[in-house]
Structure formats: structure tokens, C-alpha cells
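**Q** There's a structure below that I have some questions on.
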Amino acid sequence: MSILNLSNAVIGSGILGLAYAMANTGIILFVILLLFIAVLSAYSIHLLLECAGVVGIRAYEQLGNHAFGQPGKILAACIIIIHNIGGMSSYLFIVKIELPHIIQGFLPDNSIDYWLVDGRYLIIIVSVLVILPLALLKQLGYLGYTSGFSLSCMVFFLIAVIYKKFVSECPDEHSYNKTVPTESKYNSTDDMCEAKLITVNPETAFTIPIIAFAFVCHPAVLPIYTELKNPSKKRMQKVANISILAVLVMYLLTAIFGYLTFYGNVESELLNMYNKNDTLMLCVRLAVVIAVTLTVPVVLFPIRRALLQLLFPDKPFHWVRHISITVCLLFLVNLLVIFVPNIRDIFGFIGATSAPSLIFILPGIFYIYIVPEEKEPLKSQPKIQAIAFVTLGFIFMIMSIMFIIIEWVTGKKTSGGH
């Protein structure tokens, strides 16, 4: 169950932008970058577990408290809260946009009530009937079954992407938003329908943040660690490694077959490339909506835990607090998604600071400050690696912020997913 929950926490809507990332890096460079980031993510989790082992704490916020006192605790909690609220908003935004099209695709026009194709009503219904009951569960481990089903939906998405590669030809520049049957003839240019092993173009740098933040699961690591049957650093690292490896395989296959279907034509949101009236792809869209819906409770757990650590640090579990915080969080996120049309852009900017903080900066800094110097001197190899890790995080943060500002200034969409 722990592997399912952590894998579900890793996979985000960013998977829809990986084929676009491959188109702008080439197959070889993309694979190298993705493997590199997967290894760094596993190393980042190793740093967190080492810190937790030294101080006997299994809460991200408490690690911040141990390293820097109350300001460190508040900083860590705020980063988790903001980042995961952004993730929840992104997932519900997908529900708001995709679910009306799915319903329209499956039902005759004359039988559809207005509210059934209004995304604002639909996300409220989904939140109340599906997300809220799951989010109210006391322990994250109980979500193992829904996480397994969510991952199954993403596997179905992957299978469909692979299948479409073998029944479609590369569309030419005039045939976007529809896959082309094999028997159709197109005058595609060699340049647009030829796989590139290594590509460097103006868009290449913009794809690096998509890849760099593909394995963000760190707020869920310590809560899952706490709920392991026989918790140990070795067992939790094994859970993390298996989860990252499984997601890495899914990411690679999705990117490769998505790219080899559309080559240079691929857009930043892979699903937008397929015919919206294709029954199989309608089912795939529904599967993706189900997957992101079932991921929301997993993302909500660390937010609630962070708020409890901030507001009620020494209080025992109480159902009234548990339910109140959950309902307020869902209410807030629904308001944001319904009434703030550019919510994804706002949280995209925030995510450019929170994601590298969670993956690179905070784990590295915690390790440097928490692991005592008598065990690991500052000039020891592990701490030098941690310093380099933190530096890399700041580089990714600056790059991401710079690219998002360029997007806003030029009005050009350059990244997929959240």
C-alpha cells in the first residue's frame, strides 16, 4: 500500500507534458535528464530519512523546527501547504476542463442538462461525493486501494498512448488535434516526422523544469514512513526507490510513444493532440480525470498535517479538527478553481519556488544542519554533496522563475502539466 500511495503522490499532471519535453530535447538527452532527476529524487529522500533517523522525527515541519527553530518549522509547513494546494488546484482544474467534454462526448446533445456540462458544478459534485469522503480517512495508508485504482487509470492512459502510436501516422502541420489512421496519406515533412536523438533549440531550456519537477513526492514521504508496519530507513528507502522506478518507466514509455506518434508536432498537453470524438481517447480522458481526482486526497493529507503541526502542535487527534480542516481546504481550493481563471499560472509561479525547495533545497539544508559535525564534518563528502544539491535546487528555481516570466511577457505557453 505504501508503494501505491507514494507512486500516486509522484505522478502528476506533468506526465501530459513529457512528450513535448522529449520533442525539444531529443530522445537521448531526455532519457539522460529523466534518469538523472530520478536518481536525485531518490537521493533527496535519502537525505530526509537520514535527518529523520538522527533526530527521531517523522514530520517535514518538525525537521525544519529542529534545524532552524520555529521559523524553520513555519517555512517548511508553508511551502508544503502552498505547493500542495497548487497541486490540488491543478488536478481540480483538469476535472473542470475535461469532465464536461467527456460527458458531451458520451451523451446525446439533447439529453444533457446545462449543469452537467458546467465544470464549476462538476468539481463541487466530485469534491463532495468522491474527494471529501476519502480525504476524511484518518490514515494515509487507507488510500492504498484508491491509489492502486488511480495508477491503473494511468496505466490505461499509457497503453492507449502506445496503441495510438501503432495505428497512426505522424500528422502534418495542418492536422493537429487528431490522430491519423495508418491508411491515410499525408505529405509530412521529414523534419516534423523524424525522431531526433538529441535536439537543442530555444524551447529546450523551457522543458528542463518539466523534467526536474517530475518526481515531487517529498511531502508524502514522512507521513507514509510513519505508517509503515515495521518502519525503518532501509524499508522506506526501498519503498521510495520502487515507487520512483515504477513512475520512471511510466514516464519514459509515455514520453517515447507520445513523441513517436506526433514527433515535432506534439503540443505541451498530450491529450489535446488526439481526436476529441475518438471513443478510446474519451475513455482515456475519463481515466485521467479519475486518476487526478483520486490523487487529490493523497495530496491533501500533507497539507492537513502541516496545518495541525502549525496550529495544534501538541494536541492529540480530534475528529472535529480533522473534519474542519479538510472541509475548509476543499472549500478554499474549489473557490480558487471556480473563480480564479488564471489559477494555474499563479500556482505555476509559486510551484517554481516550492518544488525545488521540497526536492533539493530543504532536504539538503536539513541534512547539513541536523546531522552533527562529529558524525559528518562540513568538509566530508556527504555534506559537500548536500551543499551541491542545494545549489542545484537554487539553479532550477531561478531557471523556472525566469522561464515563467518569459511566458507571461511573450504570452507563449511553454510547459505542460503542473
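Using N, Cα and C of the backbone, Cβ positions are placed for all residues, glycine too.
Here's the feature list from TrEMBL:
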DOMAIN    2-406  domain 'Amino acid transporter transmembrane'
TRANSMEM  12-37  transmembrane segment
TRANSMEM  72-94  transmembrane segment
TRANSMEM  114-135  transmembrane segment
TRANSMEM  142-163  transmembrane segment
TRANSMEM  206-226  transmembrane segment
TRANSMEM  238-259  transmembrane segment
TRANSMEM  279-301  transmembrane segment
TRANSMEM  322-340  transmembrane segment
TRANSMEM  346-372  transmembrane segment
TRANSMEM  384-406  transmembrane segment
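Structural setting of the listed features?
**A** Below 8 angstroms of C-beta separation, residues 1-2, 4-5, 7-8, 11, 15, 134, 250, 253-254, 257-258, 261, 270, 280-281, 283-284, 287-288, 290-291, 294-295, 297-298, 301 of the same chain, each at least six residues beyond the ends of the transmembrane segment (142-163), sit close to that stretch.
Note on the transmembrane segment (206-226): residues 2, 5-6, 9-10, 12, 14-15, 17-18, 20-21, 24-25, 30, 33-34, 37-38, 41, 44-45, 48-49, 52, 58-60, 63, 80, 83-84, 140-141, 236, 239-240, 243-244, 247, 251, 298-299, 301-302, 305-306, 351-352, 355-356, 358-359, 363, 396, 399-400, 403, 406, 414-417 of its chain, located 6 or more positions outside it, place their CB under 8 angstroms from a CB of the stretch.
Residues 2-3, 6-7, 10-11, 15, 18-19, 21-23, 27, 30-31, 34-35, 38, 41-42, 45, 154-155, 157-158, 161-162, 164-165, 195, 214-215, 217, 221, 224, 228, 266, 270, 273 of the same chain lie 6+ residues outside the transmembrane segment (238-259) yet bring a C-beta within less than 8 angstroms of a C-beta in it.
Remote same-chain partners of the transmembrane segment (279-301), defined as residues 6 or more beyond its termini with a Cβ less than 8 Å from a stretch Cβ, comprise 5, 8-9, 11-13, 16, 84, 87-88, 91-92, 94-95, 98-99, 101-102, 105-106, 126, 130-131, 134-135, 137, 140, 143, 146-147, 149-151, 153-154, 156-157, 160, 163-164, 220, 223, 271, 326, 329-330.
Here the transmembrane segment (346-372) has Cβ contacts under 8 Å with residues 40-41, 44-45, 47-48, 50-51, 54-55, 60, 63-64, 66-68, 76, 79-80, 82-83, 85-86, 89-90, 209, 212-213, 215-216, 218-219, 340, 378, 382-383, 386-387, 389-390, 392-394, 396-397, 400-401, 404, 415, 418 of the same chain, all six or more residues outside its ends.
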**Q** Same-chain Cβ contacts of the transmembrane segment (322-340) under 8 Å, 6 or more residues past its ends?
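**A** Sequence-distant neighbours of the transmembrane segment (322-340): 85, 88-89, 92-93, 96, 120, 123-124, 127, 131-132, 135-136, 138, 300, 303-304, 307-308, 346.
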